[in-house]
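Chemist: Okay, handing you the structure first.
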Amino acid sequence: MNEREVGTVGDNAEQSWHAGGLCRTNPDLFFPETRERTKSAQAVSICMTCPVRTPCRDHALRRPERFGIWGGTTPTERSRMRRQGSTAA
């Protein structure tokens, strides 16, 4: 596994939600290159129906994850949310 694969976020109980993520079938889609807006939009769309969207987003805000789509949010959105002190999407 490489560092971009979603399965490498950790093994602790706090991240047990990860196994239920829809991103597990195509992790590269959730780590698009900076200018790949179509992939970002596809990933966000998948996140919107994911059963673990909220814990995923919360994880990305706490960690903080600087890359990829997590819980339906982009790195820019998460940065803004952290500045505003928000965990709401």
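Cβ atoms here come from the backbone N, Cα and C positions, even for glycine.
Just so you know, TrEMBL annotations never went through curation; they're auto-generated.
As annotated in TrEMBL:
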type	residues	note
DOMAIN	22-80	domain '4Fe-4S Wbl-type'
BINDING	C23, C47, C50, C56	[4Fe-4S] cluster binding site
REGION	67-89	region 'Disordered'
Chemist: Once C23, C47, C50, C56 are set aside, which residues in the chain still have Cβ within 8 Å of the Cβ centroid of the [4Fe-4S] cluster site?
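Modeler: Here the non-site neighbours turn out to be G21, L22, F30, A43, I46, V52, R53, I69, W70, G71, G72.
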Chemist: Using a 10 Å radius around each Cβ and counting other Cβ atoms from all shown chains, which of the binding-site residues C23, C47, C50, C56 yields the largest count?
Modeler: C56
Chemist: Where DSSP helix means H, G or I and strand means E or B, what are the helix, strand and coil counts for the region 'Disordered' (67-89)?
Modeler: 10 helix, 2 strand, 11 coil
Chemist: Through the lens of DSSP with three states only, how would you label C50 ([4Fe-4S] cluster binding site)?
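Modeler: For C50 ([4Fe-4S] cluster binding site) - judged by DSSP and reduced to three states - the answer is coil.
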Chemist: Look up C23 ([4Fe-4S] cluster binding site) in the DSSP assignment and report helix, strand or coil.
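Modeler: Helix, per DSSP.
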Chemist: Where does the mean pLDDT land for the domain '4Fe-4S Wbl-type' (22-80)?
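Modeler: In the predicted model, the domain '4Fe-4S Wbl-type' (22-80) has a mean pLDDT of 92.
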